[in-house]
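Colleague: The transmembrane segment annotation in TrEMBL covers 27-48, 60-81, 93-114, 121-144, 164-183.
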Amino acid sequence: GSVFAKAEQSWERWWYEEQDHLKVTGLWGKLLEIILDLRFFFFQYGIVYQLGISAGNNSIAVYLLSWIYVVVVSGIYAVVVYARNKYSAKEHIYYRLVQFLVIILAILVVVALLEFTNFKFVDILTSLLAFLPTGWGLILIAQVFRPFLQSTIIWSGVVAVARLYDILFGVIVMTPVALLSWLPGFQNMQTRILFNEAFSRGLRISQIVTGKKSQS
């Protein structure tokens, strides 16, 4: 759906409606919103020192260097989004070429880190716990600065990353539901939970009908 579609038909329209409160929020309210969004960066601050690549260094420089990772990943994602918007429709081979180069670059970076630093493969999973909240915090701060960013190329990247986050959260929420619905025994329980109100109404109606019959 487009931006002008109904909220239940367009993710982007729904996402913009979720930010409507910022239109009537004053300067101090927006400043407080930014301060509250900074809480997501504490996850990054606490976890980057647990990575093997930090080699036990507790210097503030480790935290500052971790922002290089955020900037690099954001730049690579921006390049991929730009290539998808420009080449995926008519010149698909160029879009695949960009994806191939990004994968090769990522492999080379991982190999170099394994060779010359204390980087470990588990650091990849650990870093997700640090940088996923950081990305969400940046999205929330970007929403506050929407009047200034919406006319720039940065805003399209913010929307794309926000959509990616919602897809990720949807997968995390729906995957356990899908697994439980496939397991035998849980199907009846799921149906009972989903239609609990209907079952309750049916039970009350059956009691009323039974009571009337018994009186006659």
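We count from 1, first residue shown onward.
Glycine too: its Cβ is placed from the backbone N, Cα and C atoms.
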Colleague: Would you mind listing the long-range same-chain contacts of the transmembrane segment (121-144), meaning Cβ under 8 Å and 6+ residues beyond its ends?
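Modeller: Here the qualifying positions are 19, 22, 30, 33-34, 37-41, 43-44, 46-48, 50-53, 66, 69-70, 73, 154-155, 158, 161-162, 165.
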Colleague: Residue list, the transmembrane segment (164-183) vs rest of chain: Cβ under 8 Å, 6 or more residues beyond ends.
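Modeller: Contacts with the transmembrane segment (164-183): 11, 15, 135-136, 139, 190.
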